[in-house]
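What follows is one structure encoded as structure tokens, with my remarks underneath.
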Amino acid sequence: MPRAVSDGGDNLNGSDVGGSQAPSHCGTDYRVSFPPNKSLLQEFSGTLKDLFFAGDDPLRQYKEQSSWSKRVWLSLRNVFPVLEWGRHYTLSKFKGDFIAGLTIASLCIPQDIGYAKLAHLPPEIGLYGSFVPPLIYPLLGTSRDLAMGPMAVVALLLGTLLQKEIDPKTHPLEYKRLAFTATFFAGITQAALGFFRLGFIIEFLSHAAIIGFMGGAAIIIALQQLKGFLGIKNFTNKTDIVSVMKSIFKSAHHGWNWQTILIAASFLGFLLVTKYIGKKKKKLFWMSATAPLISVIVSTFFVYITRADKHGVAIVKNIEKGINPPSANLIYFSGPFVLKGFKIGAVAGLIALTEAIAVGRTFAGMKDYKLDGNKEMMALGTMNVVGSLTSCYVTTGGFARSAVNCMAGCKTAASNVVMSIVVLLTLLFLTPLFKYTPNAILSSIIISAVLGLIDYKAAYHIWKVDKLDFLACLGAFLGVVFSSVEYGLLIAVAISIAKVLLQSTRPKTALLGNLPRTTIYRKIEQYPDVTTVPGMVIVQVDSAIYFTNSNYVKERILRWLEEEEERQRQQNFPQIEFLIVELSAVVDIDTSGIYALEELFRALKKSKIQLILANPGPTVIQKLRSAKFPELIGEDKISLTVGDAVKRFAPKAVDSV
């Protein structure tokens, strides 16, 4: 009985591309095996499983259980991961979570007040985002390190999109309503992606595009903070660098306040120094984590005793005392703002989701535990839906506070609960103390925080590795800096999709040659020492063959043949009689691809050249058989490996190896 060829280049005799040399066939005639036919239902269900359950099978654990009570418990544990890790929670873990929670609370309180200004919302709404949402996430999330709360880039994006619909100064209530509506739909979008297991959608925003987008957003955020840093009263609402710089220089003669600049510059220097120390000496991370709160306390005390607010230093003024008021009645569920809220929320939700999952995966990899992407989407979505009902805007797991959470020694997601309790106490008792906090210090804190988003090392690494990826990175960066956040995001997605289309429509093909004294065939471009087989041309296709690239693949193979014919003619080699197409990397083929192979066969037949296919995978050979392609070219023209084809059709070339 013939042995089946394996997909992806793992061959039985080792003579194919990607294999290692192995014993010969010892006279046995191995043939390509045809896999059993699948019904339409089997093919469709297999495709759906690969699409939605690429990394796991959530129903597998239920099949092993016969008791209904155990199945119910598994269902609850699947929905609420806290039931799993909560059973093993100990006092030592609580100590780590308690310290981490206190540390990130000291960082998030001043940041939340500042980020609320980015979103053009009252400062207390920023604090609300670090109270309710962090209580929801530990119940549903799978990351031990993500620290929940408002994020600078999401706040900027939300503020930019919202103010295009409603002016926050003239219609503050309507603006808040639209913000809560957008947050509600952001949560719905995130939860829907998790529930229907559509997380692959966010993969269209590539890592390179995110690096560029974040870097551009960081620069825009930092430049916008110059309003508070310099004490400028009249400032542009636009976010592009040209408009911001014009606004800064126009106010240079009469709009800057030297007392404000002195406060901002002094504490920015303090924040940057502590951050540098925290990076250089990991044990002193607490210095950079507590520096923002220390800056707020000291600057507030300084402004209070000197009454600098009487000399042009802008202050926060009143922050409403008390916990989150309900806001379900403020969400637009009808009228013209529903669709606008949905559009804004979907965009903000996707960005927040991308950031959180990217950060979560980073720390999960560092600590060697599994992050469930679909559960994360459900957790973030639920968190934002509940947040929208309790006066919060879009929250997520940002890198800065998550990094502090990790370095502070968090053991589980319970550190979010500790942070939430600290924020609760602040809302109940401490908000009046922020009355004299200068806006300049909030600007310094935000500038210090967002500078870490400019990852020039990653951008340089992308440039060195992949120029097309760097183009996506640069396009996103320039789009944000010179146009707007949404256009930068659009450019990032467009370039990422364009790259996918380019790679799918123009797949790689390569000539193969024989490694001397072996039966192994490798790419001539990679291995210059390989030798070509007289009278044969061997071409490898490195992609699935679909309607998008089938014609290109056919034309490229014919061009390889033409070039190789000319080269072999110059070296007085015999006329080419065989073209071998190596298919180990071709994981799939459609009807257009098969039609292209038929056209290739007919074109070769006119030139009296025989077409041979080597190492087709199970999916490919099954479809070729359904199209009766083996009958067209002859079943003996489909070989197990390139080595087999050469041995059968050019035995003298094998003997000379």
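Cβ coordinates come from backbone N, Cα and C, glycine included.
Marked as domain 'STAS' by TrEMBL: 526-649. Per TrEMBL, region 'Disordered' is recorded for 1-24. Sequence annotations record features per position, and here TrEMBL assigns transmembrane segment to 146-166, 178-198, 204-223, 256-278, 284-305, 417-434, 440-458, 470-498.
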What same-chain residues lie close to the transmembrane segment (146-166): Cβ under 8 Å, and 6 or more beyond its ends? 104, 108, 111-112, 115-116, 118-121, 126, 129-130, 133-134, 137, 174-175, 178-179, 182, 213-214, 217-218, 220-221, 224, 237, 239, 337, 340, 344, 347-348, 351-352, 355-356, 359-360, 363, 383, 393-398, 401-402, 404-405, 410, 413, 415-416, 419, 446, 449-450, 453, 484-486, 489
For the domain 'STAS' (526-649), residues assigned helix / strand / coil by DSSP: 62 helix, 21 strand, 41 coil
Residue numbers, six or more beyond the limits of the transmembrane segment (417-434), whose CB comes under 8 Å of its CB atoms: 97-98, 100-102, 104-105, 108-109, 112-113, 123-124, 127-128, 130-132, 134-135, 138, 147, 149, 296, 300, 316, 319-323
Considering pairs 6 or more residues apart, do the transmembrane segment (470-498) and the transmembrane segment (204-223) have at least three CB pairs under 8 Å? yes
Is the transmembrane segment (204-223) packed against any residues at least 6 beyond its ends, judged by a Cβ distance under 8 Å, and which are they? 118, 152-153, 156-157, 239-241, 244-245, 248, 350, 354-355, 358, 446-447, 450-456, 458-459, 462, 466, 469-470, 472-481, 485, 488-489, 492-493, 495-497, 499-500
The answer for the transmembrane segment (256-278), taking Cβ pairs under 8 Å and residues 6+ beyond its ends, is 228-232, 284-289, 291-292, 295, 298-299, 302-303, 308, 311-314, 438-441, 443-445, 447-448, 451-452
